[in-house]
Each structure stands twice: as structure tokens, then as C-alpha cells.
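Here's the structure, in C-alpha cells; my notes come after.
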Amino acid sequence: MYKRLNMGPYGAHLSAEQVNTFIAPLDETIAKLHSWLESHGIGQKQLQYSPARDWISIPNITVSVAESLLKTNYHVYRREGQDVVRSQEWSLPSGLHDIIDLIYPTNSFFGIRTRDATKGKSSKSSTGTMSDYAEDIHNGFAILNGIDMANPPLNLTTAQACNITAITPLCLRILYGTLNYTARATHKNKMALCNFSGEFNNRTDAERFLEIYRPDAAAAADEFGIVEIAGGINRQSQSTQEELDKGAGKEGGLDAQVLLGIGHPTPMVTYTTGGPLPPFAADTSAPDNDNEPFLLLINWLLAQKDLPTVLSISYADTEYTVPPSYARRVCQGFAQLGARGVSVIFGSGDWGVGNPTQCHNKAGHHRFAARFPDSCPYITSVAATRGIHPQVVAYNENNHFVSGGGFSEYFARPRYQEKAVSQYLGKLGNQHKGLYNAQGRAYPDVAAMGYRIVTVWNGQPKIVDGTSASAPIFAGVVALLNDARLAQGKSALGFLNPWIYSVESEGGFTDIVNGSTAGCNTTGFPAARGWDVASGFGTPWFPRLKELVTRGEAFTAPQSSKPCSERTVHQMAATFHYAKQYSWSNIKRAKQPAFLPIATHDEDERGSSEGLLEKGSADSSRATPRPLWKDPAFLIFQGVLLSFYLLVLSLVAASKVPSCSDAHGRSYSPAASIIEWRDTKFTLEDHIQDLSIYSGAPSPELDKAWHDLLNSQNVQVAPEYYKHYGREKIGVAVPGSDHYIGTLNVFHELHCIKRLHQFMYTDYYFPDFTEHQLEMNRLHNEHCLDFLRQSAMCHGDIGLITYIWRQDSLQPVVNATSHQCVNWEKLYDWSQDRAVDMLKPGWLIHPTKGVVYPNGEGDRIGAIDKELHHSSVQIA
């Protein structure tokens, strides 16, 4: 789907209904589940379905029925005053193993979330991405003398605006180049953040922060929305001393204040999620479930029609404490959000390559510990930096904070980062060999400031460290990029990574080359030129990124070796779940075309000498699971989803390329957004003796048919398309308008076919031509022949033509099947709605030569006559 960002296909995100259709289980899967449930007395009327019918909930099921379903016995277990009903083992009929992904509650002892604001966060599983260390500062600290914080001079430098001991929004806005930007599409845009772990967003603290450090945004503290999901906390009252001792509200406050400080005036909403704890893979270093119920949040969001364009999340878990099947479902949920146009942003963590207590794998061997969901290929992971000149990988020796990075043990390296990661691994050599999965998804992807960030907590300014700041900072920049796109009538960015990895060399990021992700008693992964595990591609430079996302310059897709005809077919399972809890989805594996990216090269800027005017003539096993990157089924699924995302980027790979693409490719064209494909059988394809209305001997009816077909070919084109190809200074403009005149390639093809037909009947169509004119006409038709040859090879129709035997022919006879065709009626209507009559007498005027068509007629040869040294355009 991805072409260049401002071309039609990029940003053609899916609606909720389209995503539900895409992920819906097969009918036979649902039928099999219904049959099983009905055999145990559970009718369809008792079931509750997700919108996509990919998970099923059975409210108020009795223990006896559950025991019958799963051939097990349930018992009541008590811990710390909490009772839960669980079984120690269970089983399913073998015929359901491939279609049921998850059943709970069964034998996982996760329970109702009891960790609230008074209990704080455990350090065992790295739930938050902010250091617990917070340094007190006085009100107004870091405000430089002589600067009006409400109306700062637009020409401020970082040297003037930044106090490196306390980083404020003003410093960040200058460092990343957003200070001069004026938002214009706030009515279309929305940014969001998420709270877990009993965290909340206190409006009083947010207002105090904004009054001091961004006064123009102070009103936003009372305006942002707060949504409570599954018992999430919205604490606006004064915290107790016990709550303060546990740091309640510090994480949530930082996230909201930083996001507003950068992304304002984009409207903000916060989602605070409670609910039951998720499935958990206990470990000796992490015996207690402190993981986050990401799936609760995802399922709630996917059920909404109106979603934010960017979502910042400052929470994560140690990857090996997350059951692989649950991780897969969560990751797929983030993929669905990306498909609907939501950019999902996570901080990369605060322990370098691993929390010191968790530097091992499940087998107990020394190993770097990856974080999840940073390890998911469908989110954007943000590292932390410190300093201004230079910017380096963030660390703080006083509190042991080090920006995180690593490689997934669950998810294979996605195609979009293959080149960047391979180059980095080549530089890394054998360093840390055996301590990480070199074939896994690598993170982070980008970076932002995460050291000595100013926040207000419990009414007092503080300084904190952590990628909890980096994630919302980067999300704020993305919110403004979305604003720039939405103001131009484009869509939001959505899933970022394929685009980020395609534009990394285009000046949109400041490369971080110093520092490392020290941890696990090692120096960790070092920063390097280009992408690295310590800082990704570096920190954002908004002015250049804005140019790229609004003009679509130089977006080249990662190369693929797969043929364009290759497709992946993969049937997915449904998910079955019961009790009063959310479950989760498994994306239906459907046909998705692979792609061949368009090669980048310079287009001939001279253009064609001819015109195209037409005047017309008249799981139950408890065995240790394999890593997901070794699971063939999962790899196929990942390929499907990545093809879905990368297809958008690849189809419009370069800034100056011809429209040579696969059957589902699209050029950078104003008509790209209305293209629809359908399977079509050509009429008369197998009957060479039959004629259509466009072929045969000349007649008034035939001439009228061609006239009607080509009469609306010249259309008004928005200036951005001419600017894209560098033609705005030489383009033919619509008189009295900022639009230009153009036509689509398909009409050039039709024009050539018409000329070749007329050339077959020269005496009829060109009875008065001189020998020289006939020769020029022949040369024009030679051009048309070669143009049609290139066009046929470019489009490469791979529809099959079979050979068959017939009783009336000794030789084999060809017999066509079908073709993938655009909806011609819709394309033709689009052209008619925008048509201009270039031949209208006196309407078009050459800048230096005067009126172009004084009599409403053009030259019928349609070529540059070098002998006569004048240019002519064809009309016949």
C-alpha cells in the first residue's frame, strides 16, 4: 500500500469494518466452535462476540459446564485475601487445537488487578519506562531570563533556550524544530496516551506545568479527555502520603505534560486501563505478575469508530514474562490499529540491554532481556538521548538509568528493517554473540530526549529521566506531522516504521553516534552511524520530516526479491474465551499480494514532444513453546501483515519514477485514490472475426465512439502533482487558476490505438496529406507502437491464456481466462468531472508565442517537425 506519502495509496487506511472483515475467522471455523459449544448445552444466544467475531465470551458460565467443556476440575485458590477459581490442567478435542488460540481463565493464576495507586510499581518487570529517581527543583527553574514563555522569539537557538540541567518544552521545540509550526487541522486530529499500573493524569499538575513552561497551552489541562477502561483510575483529588511514597501519578503526569508541551494545540485524550491482569509466564526473577493488560486497551480501541492518530504508551514488560501466544495477539492488535491509521509509540526502556535481575532466558542462561511490546514489529520504539551538542545515548550514573534497546526472542526481523539491521550487525561483528537473537526484531527505531526532563508532580516541579518522556515527546512530533498532512487533505501517517526506514537518509533525523545500551554487566550495544540498537535512526528534525510527509520526497521502499505474482494464503484460527473479561483476536490469514518496488531513477524531464489533445472526429499442551521466529505458521502470518503495510510504501517507491508497477500498483497520480480492481473477461477476446464499436472500417458511429472515449481526457491537476515532478515552472496552467492541465497514461494508450487504427485507413482520415506529412504521421505511429510495447511490458498482465483443442482447427487455439482491471466507469467519470477543453479558441495562450488554438483546431500530425522547426500536436 505504501507509495510516496502524498500519493493516493499511502494513508489509505482501513475502517473498523474493513479491519473486521480482514481478520474475521472463516465461517467453517465459527461453525465448528458452535457445534462444540452446543454439544455441551451452550447455544449461540448465550455467546457474546467481538465486532469481528474473532473472540467469543460466555457470560455467567457455571463451573460444571466449564469442567465439562475442558475435561477438567476447577478449585478455589486463595492468596493475599483474594479468591480465584482455576484448574491445574485441561484439554480440548483434537479437532479444535488449530482453531482455538486462547482459553482463560484456566491454569494461569492471574487475577483481578489489585495493584492500584497506593501500591506503586514493581521493578521486577519494568512496567514503566521512567526512573523512580526524581530530583526536586524550584518553581520556574530552567526558565531563562528575558524569554517570554508565552510568546518566545521564533529565532531562538538551543544555546539560548536550553538549560541542559532541566529540559523544558521550549528547549525541545527548538531542538526538534517545531517552534515555528502553526497547527491548522486540530479539528481533524487527536493524540493520546495510555495509563496502566494504577497511574492517572492529574489536571492540577498539568495546569501548573503548562502555566510555567508553556503558558499558551495552560487551558489544555482542563480540556483533555480522560477515558476509564475496565476500572481504570481517574484520580483528581489530593494524593495521600502513602500514595506519594509509592510515586502515584508521577508517570501519568509526566506523560500528559510532555505530550501537551510538544503536541499542543492538538487535542489530547488519555486512556486509563484497569481490569484483570494478563496471562503471565512467571520466572524466579519475576514471580509476581506485574505485566500490563495491553489487550484490554487494544480491544476497547478497536471497537471505537473514532481513534487518535498517534498513541503514546510508556509501559512495557520483560518479553519472556509474556506468554508467546499472548504477545502474538497483542502485537497483531497493534497491527490492526496501525492499519486504521494510528501510530503506536513505545519507550524502549530504562535498563539498557536488560534489568540486572533479568539478564537470562527461560532456561536460566545469561542473556540480554528484550522488552515487549517494543519487540513487536508493528509499533515504533523510541530510545532516550541526553545533551544538546552533541546528543548522545541517555544514561544517568546516579540512578542507573540507561536507554534500552535489543532484539526480540519472539518476533522475526521485519523486512522493512532488514537492510539497516544487517548493516549494523556487520559493524558489531562477534561482540555479545550468543547473548541476543540476531534474527529477531530489533529496537528502538528512533530516539528523543529522555534525560533531566522537567515535570510537575504533587504540585512541585521535578526532574526525571526515562524513555517515558521520550515516547510522548516523539508522539507530539508525530501529532504535528499528522496535522500538516491533514491540513492538506491527506490522511494521518498510521504505522510509521516502513516509512521511517525508507527516509532515514533524507535528513529527517539527527544521527546519534555516541553512547551505548550498557547493562547485564556488559557495555551493551554501541551507537554507530546510521541505525543502531542504542538510538535507532536518531532524533527527529521536524522541518525536514514535514517536507517529506507533505511532499512525499524520496520515499524509497526496502527492496524485495519476491515476484509480484506471489501471494500468501494462510487460514487463521478463532479465539475462544469465557468469563466476564475481554479476549483478543487472531487475524484471519487472507490473500495479500507481495510486491516488486519501483526502482529509483531520474525521469526524462524533457517530456514528450507530442500532445494528447483529442478534438475528436465525428494451545492445551504445557510444553515449552518455540520462539515465535522459529514458528513457520507465525512467520507466514507476519509476512502477510508486513506485506499489507509494505505494499503501501513499495507501490510508490520513488519521487521520479514512471508508472511501471505491478497489477495492484499505482503511480503518483491525482486519480490513484479512486482506483478499484476487479476480475474481468474481455469481450470478443477469442473471436478475431468479430468487431467492437472501436474497430472496423471507418464510419460515423465508430468515429463517435472514439470521440466519446477520449473527449474528456484532458483534466485539471492540483499543483502539488506538478511540484512533485518538478514541472511547476514549465507546466501548462489552467487559465485563471493555480491548477495545471494534464492527462492520464491510459488516455495516451487509447490515443495511440486510435491513431494506429486511423493509419490503417490513411485515405479516409488523411486524404490531403503531403508525402512529408504522411512520413511524419508514420513516425508518430512508430512512436505509438513502441509506447504501447513499453506499456504492455510495464503492466505485465499475468492473466493466463490457455491453449485448447477445437474440432474446427488442426492447430491449438488460444483461449483467454480473465484480467485484473480497474473500474473503468469510475475512472472515466473522474476524468469527466475534471475535464477541460484545451482547444477552445483563444483560451490557451503560450507564454511567448501567443494564442495556441485560435480556430479551435490542432495539428493532426502530433509530432515535432524538425524540418519545419515547429511543434505540432495531434488531434485526430
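Using the three backbone atoms N, Cα and C, a Cβ is placed for every residue, glycine included.
Where the annotation comes from TrEMBL, it is an automatic prediction and has not been curated.
If you look up TrEMBL, you'll see 166-552 marked as domain 'Peptidase S53'.
Annotated active site, charge relay system per TrEMBL: E251 (among others), in sequence order.
If you look up TrEMBL, you'll see D255 (among others) marked as active site, charge relay system. Neighbour count (other Cβ atoms within 10 Å of the Cβ, all protein chains): 30 for D255 (active site, charge relay system). According to its DSSP assignment, D255 (active site, charge relay system) is helical.
Other C-beta atoms found within 10 angstroms of the C-beta of S468 (active site, charge relay system) number 30, with every protein chain shown included. Annotated active site, charge relay system per TrEMBL: S468 (among others), in sequence order.
A 10 Å cutoff on Cβ-Cβ distances gives D511 (Ca(2+) binding site) a total of 19 other Cβ atoms nearby, all chains included. Per TrEMBL, the feature Ca(2+) binding site maps to D511, I512, G530, D532.
Per TrEMBL, the feature region 'Disordered' maps to 605-624.
The annotation compositional bias 'Basic and acidic residues' is assigned in TrEMBL to 605-617.
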- line: Surrounding the recorded Ca(2+) site, with Cβ no more than 8 Å from the Cβ centroid of D511, I512, G530, D532 and those residues left out, we find V513, A527, A528, R529, W531, A534, S535, G536, F537, G538
Task: According to DSSP, folded down to helix, strand and coil, what is S468 (active site, charge relay system)?
output: helix
- prompt: Taking the Cβ of I512 (Ca(2+) binding site) as the centre, how many other Cβ atoms fall within a 10 Å radius?
  reply: 27
Task: Could you round the CA separation between D511 (Ca(2+) binding site) and D255 (active site, charge relay system) to a whole angstrom and send it over?
output: 25
- prompt: Any idea what the Cα distance is from G530 (Ca(2+) binding site) over to S468 (active site, charge relay system), rounded to a whole Å?
  reply: 24
CB within-chain contacts under 8 A for D532 (Ca(2+) binding site), separation at least 6: Y424, I512, F525, P526
Message: Applying a 10 Å Cβ distance cut-off over all chains shown, what neighbour count does E251 (active site, charge relay system) have?
response: 29
Query: What is the average pLDDT across the domain 'Peptidase S53' (166-552)?
result: 94
Task: Take the C-alpha atoms of E251 (active site, charge relay system) and S468 (active site, charge relay system) and report the distance between them in angstrom, rounded.
output: 7
